[in-house]
Amino acid sequence: MDINRKTAYLVLMAVETKKQYSNIALNHNIKREKPTSEAFVRELVYGVLENKKLLDYVISKLITGKLKNVRTPDLTILRMGIYQIAKMSSVPEYAAVDESVQLAKKYARGRDKFINGVLRSYIRDRYNITLPDREKELVKYLSVKYSYEEWIIKLWMEEFDAEFTESLLAAGNQTPPLTIRTNTGKISRDELIAELKKEGFEAEKCSLAEKGIKVIGEGLLETEAYKKGKFSVQDEASQVAVQLLDPRPGELVIDVCAAPGGKTLASAERMDGHGTVMAQDIYAGKTDIIEREAKRLGLLNIKTKTWDATRLRQELCGKADKVIVDAPCSGLGVVRRKPEIKYKKNNEQMASLPVKQLAILETAANYLVDGGLLMYSTCTVNHYENRRVAEDFVRRNPEFKIEDRIQLLPNVNGTDGFYICLMRKEAKKK
Ligand SMILES: C[S@@+](CC[C@H](N)C(=O)[O-])C[C@H]1O[C@@H](n2cnc3c(N)ncnc32)[C@H](O)[C@@H]1O
């Protein structure tokens with residue numbers, strides 16, 4: 001059996017049955033199985049995840065029974081087989097079928113003939129399968145074509161017209177650029193670009209993030225530059241958030257939802273070692289990551305603490321110049337990196353997010369000095385978690401005024417979908 005397809009199968013099953021995040025399942029299985037082509041495994045895993053609804057729609061047209069009665073191993077092998085035939089031009093059709101049958105013999109015993117039959121009928125009938133009617137069933141059409149749960153499309157169509165929504169859906173299925181943030185305490189952006197180019201990478205400046213670089217090439221984290229802490233991997237939108245907040249040397253910054261530390265570390269770098277960033281997160285294991293990264297980057301001005309941000313730390317009230325609330329959210333802005341988010345159900349947990357976000361904001365706001373700046377950000381595109389939460393907050397806390405807010409979008413800015421809102425606490429009148 002081909003080790004690359006076996007690895008992809010194990011990753012997809014971990015995502016499907018254990019609800020693991022694709023990036024975590026990928027790294028874990030690649031390490032364990034040692035596939036001969038990591039690139040093939042990634043292409044197949046992300047291709048299947050990005051197109052899951054479309055693949056299931058196609059499979060439902062090829063089988064006689066109901067899709068929900070097809071067992072998960074059989075369905076996973078069928079999705080992989082059809083994806084290879086439809087989208088991976090490097091894979092001959094016969095190889096896609098034969099390798100799927102081999103996988104079935106190991107992981108879906110007794111179902112290899114069924115799988116062989118479905119894949120052969122796909123090869124025969126694929127051009128007769130049509131999508132739902134765009135005119136009559138727009139949401140369903142978009143849901144199948146771009147593989148998103150229908151509630152996400154309806155949510156976006158509350159804010160954007162059909163054409164814009166479609167381009168946002170399509171952008172969510174693109175591979176995101178690899179972007180890094182220069183640690184300017186160690187090297188300038190131009191010098192780092194030159195160093196990376198010398199190592200054989202393509203590297204160019206980001207347009208929005210002043211320390212950002214877009215990089216193309218394999219093995220970035222094995223470079224000396226990385227080991228010596230000259231840069232960190234961070235999406236451009238996250239970099240822009242800290243750029244707008246603009247932490248200065250000597251300030252006290254409190255980041256209440258800090259792990260894995262992107263904004264904490266970017267803030268500490270901007271402060272040139274002067275002042276302090278207090279980084280809190282509810283999970284102890286996650287604050288360890290921040291400490292490890294601070295060490296790699298040579299940053300001494302970060303203090304971490306495991307803490308639930310909805311609980312007030314009395315001793316910090318009125319102390320911080322800047323507070324970061326990079327809240328837990330639905331993640332609809334990062335589907336390019338975690339395509340499994342496109343299939344989340346709009347359940348109670350989703351609906352309760354704005355309540356939690358507001359509770360964290362209200363607690364964190366207490367830490368600011370008069371005249372201090374509060375940043376609320378999320379990596380989602382959902383006005384109930386973004387604009388609505390920020391507006392609710394300032395309505396309930398009139399001493400805060402919104403100073404700036406932006407929604408970055410993958411189809412407009414090429415970044416993750418990201419919301420940033422800066423709110424200033426009124427300075428006390430003398
Ligand atoms: C969007 S992530 C933060 C990303 C981080 N700011 C960065 O730039 O790398 C949200 C974080 O909030 C944490 N979190 C969730 N609920 C929390 C709570 N009640 N108190 C503190 N942290 C919480 C999660 O563990 C997660 O690490």
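Including glycine, each Cβ sits where the backbone N, Cα and C put it.
What you see is a predicted model, and the numbers here were worked out from it, not measured in a lab.
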Next item on the list: From the candidates D272, D308, give the one listed by TrEMBL for the same S-adenosyl-L-methionine site as C257, A258, A259, P260, G261, G262, K263, D281, D326.
Entry: D308
Next item on the list: Count the other Cβ atoms sitting within 10 Å of the Cβ of C379 (active site, nucleophile), across every protein chain shown.
Entry: 26
Notebook entry, point to check: If you draw a 10 Å sphere on the Cβ of C257 (S-adenosyl-L-methionine binding site), how many other Cβ atoms land inside?
Noted result: 21
Note to self: Fewest other C-beta atoms within 10 angstroms of its own C-beta: which of the binding-site residues A259, G261, K263, D308 fits that?
What the structure shows: D308
Next item on the list: Taking the residues C257, A258, A259, P260, G261, G262, K263, D281, D308, D326, which the record names as binding S-adenosyl-L-methionine, find the longest CA to CA distance and state it in Å to the nearest whole number.
Entry: 19
Checklist line | C379 (active site, nucleophile) and A259 (S-adenosyl-L-methionine binding site), Cα-Cα, nearest whole angstrom | finding: 14
